[in-house]
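Working notes, beginning with the structure itself.
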Amino acid sequence: MKYYTIVIGSGAAGLVVAMGLAKANKKVLLIEKGHFGGDCTNYGCIPSKSLIASANAAHTLKKADSFGLKIEGSLDTSGVFSRVQGIIERIRSHEDEKALTNLGIDVCIGEAKFKDAKTIEVDGKGSFTANYILIATGSKANIPNISGLQNTPFLTNETIFSLKNVPASMTFLGGGPIGCELAMAFARLGTKVSLIHKKKGLLDKECEEAQKTLEEVFIKEGIDLHLNSSIKEVTHSTEGFSIKISSSEESQIASKELMISIGRSPNIHELNLKNADIKYKDSGIIVDAYGRTNIKHIFAAGDAIGPPFFTHFAENQARAILTTLLLPFSKKRSSQYLPRVTFTDPEVASFGMSYKDALNSYREKSIAVYRVKLKGIDRAVTNGTETGFVEIVTKRLSSKILGATIVAKGAGEMVQELLVASYTKTPLRKLASIIHPYPTMSLAIRKAADLWLTETLIPFIKNPFKFL
């Protein structure tokens, strides 16, 4: 049977296109070799945020005295992972084979490979052709070449949520978003956590102030940090892992579990892309601004085209491709700033340029940074969440928003106001005129907007030559 579109992969990008086409009464075949819902539902966003929610609840109970409460008894974490699996199953039920079939999508379970540019073969299921093909096969964890590692039962994001109980101790290799989120979660659940990171700061894509703030929180919560460090050798026995660290001086860590979280790579090398003459690199399939590969009827989206690996970015790409497949004109994927959020506590949310980035593109006198500490925000004080800040980078006189970083409880929700302002070309100064409800965390953004008046406009009126 010939289809309008064959979609390979049922993650965020694949589901957006397959469901959208089905709703438009197009004949769609969705091919999936693993669990429906992709990495985000099964091994990423959903299980990690479920675990983080349990960890944050445990943390709140532990510090109940700071809220004037007394709680007696010990914390039992035995039900944490069954809760995580229950949430995965609940969300996956909206995107499993039965749900997709009910939408009119044909589903084929198996591994897809290109026979040629028009034909997809699925092991044991036959060959299929289509007018269009979308590759949305996601990504997998990078595994470093460390002496002894391959002979050990180390964990990745695909296996860590299959644990039955919270381990007594765990070491994380990698201080990016995945490593930081899970390291904090396990520490709050009672695990003795060590984190090894090759860079000098955690979340090294974020501004230095955000890195410093998170590092201080980790140390305060008892996480053993090894920055500017790497693993030299790993061995495993019935007692657990023995991990030899290489830094300014060698040291050794004993740990029940070892989690590898040093980045991801596209799942594209088993597709036989060469049979279709599709151009690609190890970092991902090469596409244009419309999501097309060099073969004009074949598209690719999400992690398959390489970093940044974000579900919301994959969905944005897929929505543009869906428009192109349904309408008589092509739509480019969005060029707006891409937000990122790391769900530690406090969360770290950012988009666009940091001050350091802006200095590479603009004269120093033409840009400004407005920073508000949360210690001065009443809602942060009442909630006991004063750690963090709002930092907004703008063009100095126009107050055009170039980027922002928010470190705060709920930073992922707060940053949206600034994203909308940036997207609609609303300058920061105008946010000062918007009534922000009191007492909310959003007042930190209003106060940052107020700073344009006191730190830029008034000084400019007094001495405009200072800004030349």
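From the backbone N, Cα and C atoms, a Cβ is placed for every residue, glycine too.
TrEMBL: automatically predicted annotations, no manual curation.
The model shown is predicted, which means the values in this text are computed figures rather than measured ones.
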CYS45, CYS108 - which one TrEMBL pairs with CYS40 by disulfide: CYS45
According to TrEMBL, GLY174, GLY175, GLY176, PRO177, ILE178, GLY179, CYS180, GLU181 bind NAD(+); which one of GLY86, GLY104, GLY263 is listed for that same site? GLY263
Which of ASP303, ASP345, ASP357 does TrEMBL put in the same FAD site as LYS49, THR137, GLY138, SER139? ASP303
Using a 10 Å cut-off on CB atoms, tell me which of the binding-site residues GLY138, GLY174, GLY176, GLY263 is the least crowded. GLY263
Report the mean pLDDT of the predicted model across the domain 'FAD/NAD(P)-binding' (5-318), rounded to a whole number. 96
Least buried by Cβ count (within 10 Å) of the binding-site residues THR137, SER139: SER139
Just how many other Cβ atoms lie inside 10 Å of the Cβ on CYS40 (disulfide bond)? 24
For the recorded NAD(+) site, whose residues are GLY174, GLY175, GLY176, PRO177, ILE178, GLY179, CYS180, GLU181, GLY263, find every other residue on that chain with a C-beta no more than 8 angstroms from the centre of their C-beta atoms, and list them by sequence position. PHE172, LEU182, LEU203, SER261, ILE262, THR342
Rounded distance in angstrom between the Cα atoms of GLY263 (NAD(+) binding site) and SER139 (FAD binding site): 10
